[in-house]
Structure formats: C-alpha cells, structure tokens
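According to TrEMBL, the protein carries these features:
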type: DOMAIN; residues: 38-286; note: domain 'G-protein coupled receptors family 1 profile'
type: TRANSMEM; residues: 25-47; note: transmembrane segment
type: TRANSMEM; residues: 59-85; note: transmembrane segment
type: TRANSMEM; residues: 97-119; note: transmembrane segment
type: TRANSMEM; residues: 140-163; note: transmembrane segment
type: TRANSMEM; residues: 194-213; note: transmembrane segment
type: TRANSMEM; residues: 234-258; note: transmembrane segment
type: TRANSMEM; residues: 270-293; note: transmembrane segment
Amino acid sequence: MSTFSNLTTTTTIAPYIPTSRPVQFSILLTIAIFSVPCSIFVLHHFLSTKTLYRAANNHVIILLLISNCLQTLTDVPGQLSYYILGVNRPLTLSYCYYFYFIDFYLFTTCFLLLTWSSFERHILIFHTYVFNTHRKRVAYHYTPLMICVTYPMIYYVYFIFFYPCENYYDEYTSYCVPACYLRTNAVMALYEQIAHGFALMLLIFIFNVLLFIRVVQQKTRMGRQMTWKKNRKMAVQLFSMCFLFLLTNGGYFVVQIGQMLYDPTFGVDFSLWAIPVAMCMPPLFPFVCLSTLDELHGKVRKAISCCNRFAVVPIIGTELQHLPTTTSRRRDF
C-alpha cells in the first residue's frame, strides 16, 4: 500500500485474518498476470503511433502506465508473498528499505500525476492557446510532469535512506515497521497524510467535478462536433483513470480520516480489505487505458477479422476434377 498505510500498521490496523489471505492472493495474482502483457501492449500502441505519443494529453498517461507497470512488477509481488506466506520475504532490513522506497515513491508519483492531469485537462480542453509555443509547453506542460516524477524521488531518497533515524525489522511480527521518519517525527507523519494523501484526493475530486460541469456546459452551447468529440475523449480518459483511483483508494482514505478525526479504531475491520483493494489499482490501470482507446478497438477488431479470414475450413464431399491441360488453361492458373 502507499505511504499512509504504514502510519497505522502497528497501532490501529489489526493483523490480517488468515482465511482472507488466500482470497486476496488469488484476486491480486489473477489481475497482475494479465496486467503486465496488457501494459506492454498499450504502451507499445502509444509509443509506436506518432500522433499519440506527440499529443500532450497522452504524456501523463504514458508516465502512469510506466509507473503502474513498475509497481505491478516490484511492489505487487511483495504483497502477494505476504498474503500467501504471512510474512515478508526475505527477512532482512534491506528488504524493508526496498519496500519503503518502491511502495512510497510509486504510489505518490501516481497520485501526483493524476492530480496534475485533472488540472491540466482544463487547459487542454478550454485553453489550448497556453501550449501554442515551445517555451510555453516546456514551462506549463513538461516541467510539471518532471516535478511529479522527481519530487517524490528526492523526497523519499532523503527521508528513507539519509534521515537521521534508524529503521528496523520486527522479527516477532515478521513485518517492516513504519519508516522511522514517520514514527519519530509527528510533523512529517502529518505532512505525509495531508500533502501526499488527503489533499491530492480532494483536488482530484474537485478538478474532475468542475471538468464534468464545464464539459456538459460546452456540449450544450457548441455546434462544432469534431471539437466536441475530441474534448469528450480527453475528458472520458481522465474520468476513467480518476474513477479507478477513487474506487480503489477511496475506502482507505475514509478510514484514515475517520481514525484522525473521530476514533483511532475507526474502520479497523474494513481496513483488512481496504489496503488489498488499493493494491489492485496498479495492475488494473492498463485495462482502464485500453477501454478508452478507440484506435485500439479498431486494431483488435481488424486482428480478429484477419484470424477469421485465414481460419481453416474443412472440405467435405469435394471431388477432384480433371481439367484439360491446354495452354490457355495453364495460363489462367
């Protein structure tokens, strides 16, 4: 899970119910198996199509695909190991450092990219002139994307590997205890929950609601159907990605808010499933992207029709006919 799940792992979140682990393992493993080839397929489609990888609205999708694919290949196997074995493997402090960085960095990067994408869609749809020069594209498009990727990397490299505190592995529970900077510094723990959690969730929700209202208003007063179709496609892409984020992580954030503002034991039983559901977001992301690409739908239909065209049909009751071997007949053949 993301950064915030580790804030309460040793206090408010109860141990996993043993009977639930096989179910969680089976669901996550099934999704992950199909997710990797789907990610490769969608990424290849984006990067091999000139019009797609040059479109500004697709750059954040490409970064999200790469980030979620890396998480499916690195973070998800660790979760699967815990669900089936009940302990973290290998039982070393080095693994805890690896787990902290991969889990925290990739989740936070995805959240930041989704937040920026939710805001940038307003510019791409309603204020396209902002990106009409190279300098403006660098300043208002590429630079924010770079910040979304590099800021969490610098932040977590420092606080996980160089912050003056000591991380340790709990041999009794066979689990990596929360990162030491979260245990020893209440200000940093609060900053993590708000700046990397609640604030991003709220901004994503607000930006998407406002975009939905503006897109509907545009449809009612616009007669240019080609422009409307393009804008609708960009909006649907964003709504699909953010809906997946809110669906998989919304329950967990509700538990965190309840524990912070109401009762430290709020939603303890529900959190047994909230964290596994949140882990389903990275492997599910490429399927959401696949469902929003009309160009891929055409390619898939074309591939299926080609397979059907070359399908082997058995010949029943056909007799060979002896044809005259004239010069004209051979030429026809």
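Cβ coordinates come from backbone N, Cα and C, glycine included.
The recorded stretches the transmembrane segment (140-163) and the transmembrane segment (59-85) share 3+ CB pairs below 8 A when only pairs 6 or more apart in sequence are counted, and are therefore in contact. Where the transmembrane segment (59-85) meets the stretches 25-47, 97-119, 194-213, 234-258, 270-293, the count of C-beta pairs under 8 angstroms peaks at 25-47. Segment contact holds for the transmembrane segment (270-293) and the transmembrane segment (25-47), given three or more CB pairs below 8 angstroms at sequence separation of 6 or more. Of the ranges 25-47, 97-119, 194-213, the one with the most Cβ pairs under 8 Å to the transmembrane segment (234-258) is 194-213.
Beyond the transmembrane segment (194-213), the same-chain residues lying 6 or more positions past its ends with a Cβ under 8 Å from any Cβ of the stretch are 2-4, 108, 111-112, 114-115, 118-119, 121-122, 125, 152, 235, 238-239, 242, 245-246, 249-250, 253, 256-257.
Counting same-chain residues at least six beyond the ends of the transmembrane segment (97-119), those with a Cβ under 8 angstroms from any Cβ of the stretch are 1-3, 6, 60-61, 63-64, 67-68, 70-71, 74-75, 78, 88, 144-145, 147-149, 151-153, 155-157, 160-161, 167, 176, 179, 196-197, 200-201, 203-204, 207-208, 211, 238, 241-242, 245, 281-282.
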